[in-house]
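Report on one structure; see the data block that follows.
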Amino acid sequence: MFYVVMVTYLVFGYNFDVFMATVVDFAIDKGTALEAAVGLIPLFSMTDTFGRLCVPLLADKGYVTRSCLAMLTYLWMAIVLQAFPLVTGYYQVLAACLCLAMPIGCGVTMYPTLMAEYLGIQRLPLSYGIVGTVAGPLFILKPFFIGYFRDYVGSYDNMYRYLSGGVFILAFLWFAVVLSESRKQKAWKPTSAGATEAIIVAGHAFYCNPGFPRQHNNIGRTSGNCWQNLARTSV
């Protein structure tokens, strides 16, 4: 699971940083005025805040598992990013940004909880260090990635399609995790009636003889209580 979590950080972080660096230029290319395009980022924070604070509650309350919520979040991102090249005009760009902000906000808050759940709290410092070491050189290449589409291709449309494909692969990885977890739950079987009775008898034996020191004159009385408890259990 460490590799799944690491790939999640790399792909999601790359998408988030590239989008925030290019959304203003993208809106201008789609016919939005500069003043209106700059205002997209503050408006972006509205649904981003909702995604950070409210959407993760679905997993905290137990309605869905965290792996399922992660899968839905990245699938949502992939669909919206795929729709970005199709928008025209300010209001369509604004609607696309608001739709994308919610899964981005959810993904930002979900990543630490996913790492803690699948890797353990004790391994968090080491895990963050390894992921940061791998992510650093890759994130340095972001200006070249953006510049290629800006200077050579002349449009961000295909760039958003590539970003959408990466997030879709991420959603597929978490779909595999969801299937694996569901199979493990189906494979678990409750204990049989005989095993349950054995556990109860063992529990009585433990409470009757917890291993604490006793006075010599109370040994007979304690043993008698144990036999009485065992007799009640067998009946």
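Placed from the backbone N, Cα and C atoms, the Cβ positions cover glycine too.
Note: TrEMBL annotation is automatic and uncurated.
Listed features, source TrEMBL:
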type     : residues : note
TRANSMEM : 7-28     : transmembrane segment
TRANSMEM : 34-55    : transmembrane segment
TRANSMEM : 67-87    : transmembrane segment
TRANSMEM : 93-114   : transmembrane segment
TRANSMEM : 126-148  : transmembrane segment
TRANSMEM : 160-179  : transmembrane segment
Using a threshold of three or more Cβ pairs below 8 Å, and leaving out pairs closer than 6 in sequence, do the transmembrane segment (7-28) and the transmembrane segment (160-179) count as in contact? yes
Same chain, outside the transmembrane segment (7-28) by at least 6, Cβ under 8 Å from its Cβ: which residues? 34, 36-38, 40-41, 44, 70, 74, 77, 81, 84, 90, 93, 97, 100, 104, 107-108, 111, 114, 131, 134-135, 138-139, 142, 145-146, 150, 156, 159-160, 163, 166-167, 169-170, 173-174
Contact set of the transmembrane segment (126-148) with the rest of its chain, CB cutoff 8 A exclusive, min separation 6+ beyond the ends, reads 2, 5-6, 9-10, 13-14, 17-18, 21-22, 115, 119, 159
